[in-house]
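Feature annotations, courtesy of TrEMBL:
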ACT_SITE  429  active site, 4-aspartylphosphate intermediate
BINDING   429, 431, 819, 823  Mg(2+) binding site
BINDING   429, 430, 431, 540, 582, 606, 635, 715, 716, 717, 799, 822, 823  ATP binding site
DOMAIN    113-172  domain 'P-type ATPase N-terminal'
REGION    509-532  region 'Disordered'
TRANSMEM  303-322  transmembrane segment
TRANSMEM  343-366  transmembrane segment
TRANSMEM  372-392  transmembrane segment
TRANSMEM  938-961  transmembrane segment
TRANSMEM  1000-1018  transmembrane segment
C-alpha cells in the first residue's frame, strides 16, 4: 500500500469564516489497494428518504403550562393587545409567504449536472428594511409600543371637532419630533448595516454554493457549513475554536474523510464519482449524520459556520449556505426589553379611562355620554404627556453613559439603554460566573489511600520508582518485589494520562514551521517551553497537567497514536484503536489503546460517579469518597480500565463499525454495542478537581443578600458540587438547611417543604423537570419564599424556562448573569441581562463583577439610583400633566356645572389615593381657584395661573434635589428665563401690561406659597424626626 500526503499550502493571513459550514471529511489513513482504484464502485450507503423521515434524537423539555391565575387586567397590562396584533400579522405573513421546507440533500462530486436543487445564496443580510418598507416598517415598530400608540390616538382625536381642545400642532409636533428622531436613528443604523453587508458580501465566500470547494487556513474563520475531504496536516486533522458558536473557548479536533486523503492531487477530489449525503439542516450544533459514499460522517467531520480554524489547513465541500447554516438557524430575534416604568404607563392609562368612566357614570350616562367619555379621556390625556417618553429616554441614556464612564467598573458596555434602572431577583450561572472555570487538581484516591496537593511529591516518587523497576525488570530479574503502592499509583496515573481528548500543541506546528509529513523521534521538538494543551473540557487539561507534574508527560498525539514521556525520558507509544467522546447522556468517555512495546489492548474509561458506579466491579468505598469530595466542592471523576484480548476486540470492532453505518437509530445501536464492553471494569482511582471561586465572590453575594436581593444559582454541575459551591460562596448560609428534592418524591417533598423555615432549596434537573411539568405554580410559589435556590444539572432551555416562570407567576424583575453560550437564552429571557466576557478577553467583566465594591456600584448604586431618578423624573412630568388636566376638567364647569359639582365631591378622592395624584389635583384646583381672587378676564387668569404653575414646578425640583450641582442652578435659571421671555412674545395669551403690576406679583406669590410651603414644612419635619436609612449611614 502506498500513502500519498497532501503538501500543506502556503499559510495565508487571517480569513474570517463567519457564515459557512464545512462538511469535514475523515482524515484517518485509509488504505486503498492500488493507486488506480476508483471510488466509482463504492455504493451509496443511504437512501434519500433516510433523513427525510428521521426524527431528532434529542427530546426537548415540555413547555411549562401558562398559569391560569392571570386576570384579564394583568393580561392587558402585560401587553396582551400587542401579542394579539403581532399574532395576526405573523399569521398574515405566513399565509402570504410560506417558509421553504428544509430537506436532506445529496451532493455529487463527480456529476455537477445532477445538482438540480437550488439552495440559499451564501450572503449576509442584516438590513431590516428596504426603500419601500422603511417608512411603514419603522412606524409599525414604533406604534407597537403602548405609549406611541396612545399618543397617536390622542393626536388623531383632535381632528374630531367635538373632541378638539387645542391647536393641532401641540399634539402632532411632539409626536412628529419623536418619530423623526427615531427614523433618523433607524436610517443611520440601516446605512451601517448596508455598508457592512456590502463589505462582507464582496468577499470571495459570497460566491460559494452548495457543492463548492473551499480552502481554510489557520487562523481563518469558517463562513459556511462544510465537510472536510482533505487536510494539509500530516496527521489528517485540524483544530478549530467554537467560542463564537457555543461559548466554549477550548480547541476541538476535526478529522478529514479517509478515502479522499489518499488522492494524489487536489483536482482529483471533484473528478471522482462519489456522493455526500447530508441530513436536513437542523438546530443541533453538536450532532451530524451523513454518508460519504461508503464512509459514515459525524460531527467530527464537520466545520460549522462561525468557527475558527486554529491550526492546520482544510479543504472542504460546502453543504449548507445562507439561512440553512447551523448558526443562522439558531439565531433568534431577541425581545425588546422594556423597563418597569414603561409598563406602569399602561396602568396609568387604565386609571385614566376608569376615571373618565366614573365621571360619566356620575352623570347617569345621560345625553351623549359616549362623546363625553372621549372628552374626558382627551382632557385627562395630559396625565401621560408625550414629554414623558422624551424625558425618560434622555434620562436613561444619561444613566447608561454614567455606567460606562464609571471608573470603578471599567470596560462596562450597556447594550440596551432602556433598562438601566432594572434590578430584581438575581439568576446567576455558576461555572465561569461564580467560579473561574480554571480547574486545579486537588485529590487522588486509590481506595486504600488518598493523596492531596501536599503529598504530590510522594506520588511522583512512586512513579519514578515504578518505571525504574519496570526498566530494570526488562533487562534482568528483579532482586526484590516492588512495594505495593507504586504499581497501583502507576496504573492510576497512566490511565489518567491516556484516557482523555487532550492534544499537545507546539508553537512551531501552529505557525507552520514544518511541512514534512513524517518526522523521526529525534527531529520532533518535545520541549516543555513551547507546549500547550488543548481540549474541549478544562477538567481534562487539569488532569493532564497533573500527570505532567508527576513525571508522565503527554508529548504527542494524532489520530492513530499518542506518546508519553516517562520520568527517565523514554517515549512510550500507544496506538489509538477506538475513542468514545464524552456526551451529556452517557456522562463518560473512553478510549481503547494498544501498547507498542507489549501489544496489550486496554480499554480505559472515566466519567461521573453515577454513570461509572454501575459498570465497575463491586467496591465499598466509591460512593462514600465521592460524597466526601463533593462536600469539599470538588468535581469528581471515576477512572477504570479493562484488559481485552485480540479476539474480544475484533468482535467488538466488527459490531461497532456495523452500528456506525446504521441510518435509523444510529446513536442507540452504537450505545448498545458499547454497553456490551462496559462490564466488570477494574476501578483504578477517583480524582478530585476544584473549580476555583472568583475573587471576592463571597462578600459580594453576602452584600446582595443583605440588600434583600434573592439569588438563584443555575448550573450544569452535579448536585453535591453545586451544594458545596453554594456554601463556600456564602450563597447559602452555614446555618441554613439544604433541602434536596428527588424526582420520585416531588409531590411529597413540596408538601414537606411548606413546613420548613429559612431553608434554601437545592434541586436537580430531573426533579425540576417533574416540578415544572406537574407542579409549576406550587414550585414557583415555594421557591420564591426561599432565601436562595440552587438548580443543578440545568440545561440552557431550563435556565431560560426558570426565568420566564418567575416573570409569569410573580411581579418581580429578574436580572440574569452569565458568561457562556449556554447562558444566552437565560440572559435574553430576563428583564435585565448581564453578560460577562470570558477569560479569552483581556477586558473581563468577571473581575469587576465579583469585587464587592464594584459589583455594589453596578447593582446597588447605578441600579438603585437609576430607578429612583427615573421615578422622580416621571413623577415631575406626570405631576405637571395632572395639574393641567385638573385645570381643564375644572374649567368645564363654565359649560357643564354638574361635572364640576361631582368632581369636587369626595367620591373621586376616595378612589384615587396616590399622594402625588392628590397633590396634583389640589394644585390644579388652586391654580384655577385664582378666579375667585381676580377679575373674570381670561387673559389675566392664564397669566397668573401658568406663572404660578411654572414657579411651583421649579420649586418642586429644588425641593427634591438632595445634592446641588452648578448645572442644576443653571437649569433652574434658564427655565425661569425662558418663561419670562415667552411672556413678552405671546401677546395673544398674556397681557404684558397686567404682568408688570403689583397685583399680578402678589397673587402669583400667594398661589405659589399655598402650593409649596406646606410641602417644605412636611419635608423638614420628616427629615428631622424620621430620616431615611441612607441619611443615617451618611451621617
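One is the number of the first residue shown, and numbering goes on along the chain from there.
Cβ atoms here come from the backbone N, Cα and C positions, even for glycine.
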Residue 635 (ATP binding site) to residue 823 (Mg(2+) binding site) - Cα separation in whole Å: 21
Rounded distance in angstrom between the Cα atoms of residue 799 (ATP binding site) and residue 823 (Mg(2+) binding site): 8
Residue 582 (ATP binding site) CB neighbourhood, other CB atoms within 10 A: 19
Rounded Cα-Cα span from residue 823 (Mg(2+) binding site) to residue 716 (ATP binding site), Å: 11
Where residue 635 (ATP binding site) falls in three-state DSSP terms: strand
Residue distribution over DSSP helix, strand and coil in the domain 'P-type ATPase N-terminal' (113-172): 31 helix, 0 strand, 29 coil
For residue 823 (Mg(2+) binding site), the three-state class that DSSP assigns: helix
Rounded inter-Cα distance in Å - residue 582 (ATP binding site), residue 823 (Mg(2+) binding site): 21
Assigned element (helix, strand, coil) containing residue 799 (ATP binding site), judged by DSSP: helix
Model confidence over the domain 'P-type ATPase N-terminal' (113-172), averaged pLDDT: 79
